[in-house]
Amino acid sequence: MVTQFKTASEFDSAIAQDKLVVVDFYATWCGPCKMIAPMIEKFSEQYPQADFYKLDVDELGDVAQKNEVSAMPTLLLFKNGKEVAKVVGANPAAIKQAIAANA
């Protein structure tokens, strides 16, 4: 399951966890974001040891800017509040590899 962030504080709390947290930075107008969404959902089922979230860059632009996200989709992977991997673009193979390497 992929959970939608509503606030910056939800984001901050989630990434501080002692487990892998995968955040999909997307925009509703972004075609590649829509294309990759079902794959992210599938990865969330394949990797239950990780938590999966999505963040609308138009709703939480300050969070996107703070994390230097300028292209969508961008997936950031965090552990203990630190970024451990970044995948820019709709690249399922690279996303899966980043998750597997850090799960």
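Glycine is treated like the rest: Cβ placed from N, Cα and C.
Record features, source Swiss-Prot:
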ACT_SITE  C30  active site, nucleophile
ACT_SITE  C33  active site, nucleophile
CROSSLNK  K54  ubiquitin cross-link
CROSSLNK  K66  ubiquitin cross-link
CROSSLNK  K96  ubiquitin cross-link
DISULFID  C30-C33  disulfide bond
DOMAIN    2-103  domain 'Thioredoxin'
SITE      D24  site 'Deprotonates C-terminal active site Cys'
SITE      G31  site 'Contributes to redox potential value'
SITE      P32  site 'Contributes to redox potential value'
Between D24 (site 'Deprotonates C-terminal active site Cys') and P32 (site 'Contributes to redox potential value'): CA-CA distance (Å): 12
Residue counts (helix, strand, coil, in that order) that DSSP gives for the domain 'Thioredoxin' (2-103): 41 helix, 28 strand, 33 coil
Least buried by Cβ count (within 10 Å) of the recorded sites G31, P32: G31
Neighbour-count leader, CB within 10 A, recorded sites: K54, K66, K96: K54
Candidate nearest K54 (ubiquitin cross-link) in space, where candidates are the recorded positions D24, C33, K96 and distance is Cα-Cα: D24
Integer Cα-Cα distance in angstrom, K96 (ubiquitin cross-link) to K66 (ubiquitin cross-link): 24
From G31, C33, K66, the recorded positions whose CA lies within 10 Å of that of D24 (site 'Deprotonates C-terminal active site Cys'): C33
